[in-house]
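As structure tokens, the structure follows; a few thoughts come after it.
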Amino acid sequence: MDTIILGIESSCDDTSAAVIKNGVLLSNVVSSQAVHEAYGGVVPELASRAHQQNIVPVVHEALKRAGVTKEQLSAVAFTRGPGLMGSLLVGVSFAKGFARSLNIPMIDVNHLQAHVLAHFIKESEEDNNQPKFPFLCLLVSGGNSQIILVKAYNDMEVLGQTIDDAAGEAIDKCSKVMGLGYPGGPIIDKLARQGNPKAFTFSKPHIPDYNYSFSGLKTSFLYSLRDWLKEDPDFIEHHKNDLAASLEATIVDILMDKLRKAAKNLKINEVAVAGGVSANNGLRNSFREHAGKYGWNIYIPKFSFTTDNAAMIAITGYYKYLDNDFCTIDKPAYSRVTI
């Protein structure tokens with residue numbers, strides 16, 4: 001009998017639904033909210049309202065593209081957290097009600113674990129390029145920077161994480177200081193491709209173990225920029241490519257230094273990257289360089305699976321379904337949680 005999972009994602013500002021059948025992706029629909037760009041960041045109230053407007057048509061479209069009726073579903077998987085509480089509640093409430101109406105199991109999914117398991121999304125039966133357990137995963141996004149030891153689908157251990165700002169958050173804030181707009185990741189990435197990564201030097205933290213810190217880098221960037229602008233009011237315009245490239249290179253160096261140490265100490269050569277920042281060109285290139293230099297088997301997600309999406313929720317739900325790992329209707333959403 002086929003196992004068909006509907007995944008629902010609504011943790012931040014993307015409303016998404018996806019359908020996976022026996023581990024193979026049939027559809028993945030994402031509705032993004034452009035309204036937040038004018039505010040320089042996600043406005044929780046606006047995000048919640050947009051989710052309410054989008055969730056029904058998005059789910060309908062996901063089922064339609066998959067060629068699946070709701071009666072064929074085996075279970076409904078949904079993001080339970082972490083994320084914005086108002087946004088989460090829309091997806092959680094809809095998923096619970098939908099599953100209850102169909103009398104099928106509901107599966108709660110940790111959003112961070114789902115980013116890691118995005119590497120197991122198969123777009124065809126022949127797609128077998130997945131990491132082998134155990135492997136290391138660098139999870140980098142606007143809210144998280146973690147090194148994770150992945151022992152099995154549902155067995156993960158955080159080896160290190162940021163003690164303050166996440167890498168993506170630092171990029172967004174530096175982009176905002178430069179007047180480049182939001183979200184900063186794609187903008188910095190585009191400019192960095194035309195710049196010199198060694199043009200400017202910014203401070204790197206000395207944090208023990210495998211933990212990260214990006215608040216000092218953010219402050220160093222801000223103060224350096226302030227001093228340069230005193231000498232040349234048009235400094236940003238004259239040097240934005242080099243600034244972006246130097247910022248990106250510094251962040252990538254910080255991320256890869258700890259990941260490299262973890263891989264060496266644990267003697268693991270299966271290494272993956274996940275999360276929104278994994279779309280960054282500089283980080284992807286660094287992974288490829290490390291693969292050649294250190295013999296890593298690397299796993300870099302498709303761009304469509306780097307940002308928030310329901311395909312990763314559905315595949316996580318699929319493996320939880322195989323373990324009979326279901327949740328009850330009284331399980332609440334949670335805004336803060338780790339793996």
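First residue shown is number 1, and so on along the chain.
Cβ coordinates are placed from backbone N, Cα and C, and glycine is handled just like the others.
The shown structure was predicted, so the numbers you read here are calculated from the model rather than taken from an experiment.
Site annotation (Swiss-Prot): substrate is bound by Leu139, Val140, Ser141, Gly142, Gly143, Gly185, Asp189, Asn280, and the candidate from Asp127, Asp165, Asp172 recorded at this site is Asp172.
Asp308 is the residue from Asp253, Asp257, Asp308 that Swiss-Prot records in the Fe cation site together with His111, His115.
Geometry remark: Leu139 (substrate binding site) versus His115 (Fe cation binding site), CA distance 8 Å.
Farthest C-alpha pair in the substrate-binding residues Leu139, Val140, Ser141, Gly142, Gly143, Asp172, Gly185, Asp189, Asn280: 18 Å apart. Highest Cβ count within 10 Å among the binding-site residues His111, His115: His115.
His111 (Fe cation binding site) falls within a helix when secondary structure is assigned with DSSP.
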